[in-house]
Structures are given as structure tokens and as C-alpha cells.
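Heads up: the structure comes next, in C-alpha cells.
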Amino acid sequence: MRISKPHLRSVSIQCYLCLLLNSHFLTEAGIHVFILGCFSAGLPKTEANWVNVISDLKKIEDLIQSMHIDATLYTESDVHPSCKVTAMKCFLLELQVISHESGDTDIHDTVENLIILANNILSSNGNITESGCKECEELEEKNIKEFLQSFVHIVQMFINTS
């Protein structure tokens, strides 16, 4: 079973390590290990998180196969690399439409997890300002299948540049 919040995996591993090495914290070397462990818990692990985002997108795609959701979503199909953050924010907003339209708890939970992962990655990159990009409402409306394919494409753009 996959942990639904993979960004917490490294923290839990480091907590176990802390308990294991607890008796050694009385030495100077033990204190250094503890401090370095605390710092490493906060370091971004963007490549792994983007892979988890793609995994969640595939899960959403599988879950909606059995449903009939007749929604059109604003979709950026030809993302310029200088507008990928703006496009990603639009995709994340439209994901909430899928969650609402489906009414399915599995889809809702997967969408929430995906949004948390993506927002954590985007926030770890700092505040990037992009100009000359289309607003979400200016994008072409497409069906859910095309939306998810375009979403995977933009996530792969983030993976390839990290």
C-alpha cells in the first residue's frame, strides 16, 4: 500500500533513526547526526514528488474510467516553458472541478493529495513570476481524458528541468 502523503516518508524514517540513535546523542558526533537529520527532513525532494503526482494522475484516470463525467476543463495543450508554473496552477484549479463533478471519495482524496504535493513542490521553488502567459479562462476547453494527458505532459516538463 502506498503512503498517500509521500512527503512525510522521509520525516518518519528520520524519527525512527532518531529513536535508534537516541543513546548516542550524548556525544558531540551524535548531536551532529541529529542536526543534519533535522536539516535533511526539510530539503525538497522534487523529482520524487513529481513522479508521485504522475502516479496520482494515472490513478485518477483509472478511477474515472468507470464513471461518466461530462465536463470540459480549461486545458493548456501547448505550454511554453516560461509559462509552466502558471499553467500548472490552472491545472490544479481544474482538478478541483473533477473532484467535485465525480462525487467519489477516492477521486477526492487522490486529488487533494496531488494538489498538496504539487503546491509543496511549487512553493519550494520560490515565488516565480511569469509574464505574458494566458489566464486559465483563456485556455481551450477539452474533455477529461485530454486534460489529464496534457497535465502529465506539463508534469514531465517539470521533471525534465529539475
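Every residue, even glycine, has its Cβ placed from backbone N, Cα and C.
Database features (Swiss-Prot):
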- CYS83-CYS133: disulfide bond (DISULFID)
- CYS90-CYS136: disulfide bond (DISULFID)
- ASN127: N-linked glycosylation site (CARBOHYD)
- 1-29: signal peptide (SIGNAL)
Candidates CYS83, CYS90, CYS133, CYS136: member of the disulfide-bonded residues with the richest Cβ shell (10 Å): CYS90
DSSP three-state assignment (helix, strand or coil) for CYS133 (disulfide bond): coil
Alpha-carbon spacing, CYS83 (disulfide bond) to CYS136 (disulfide bond), which is rounded to whole Å: 12
Inter-residue C-alpha distance, CYS90 (disulfide bond) and CYS133 (disulfide bond) (nearest angstrom): 11
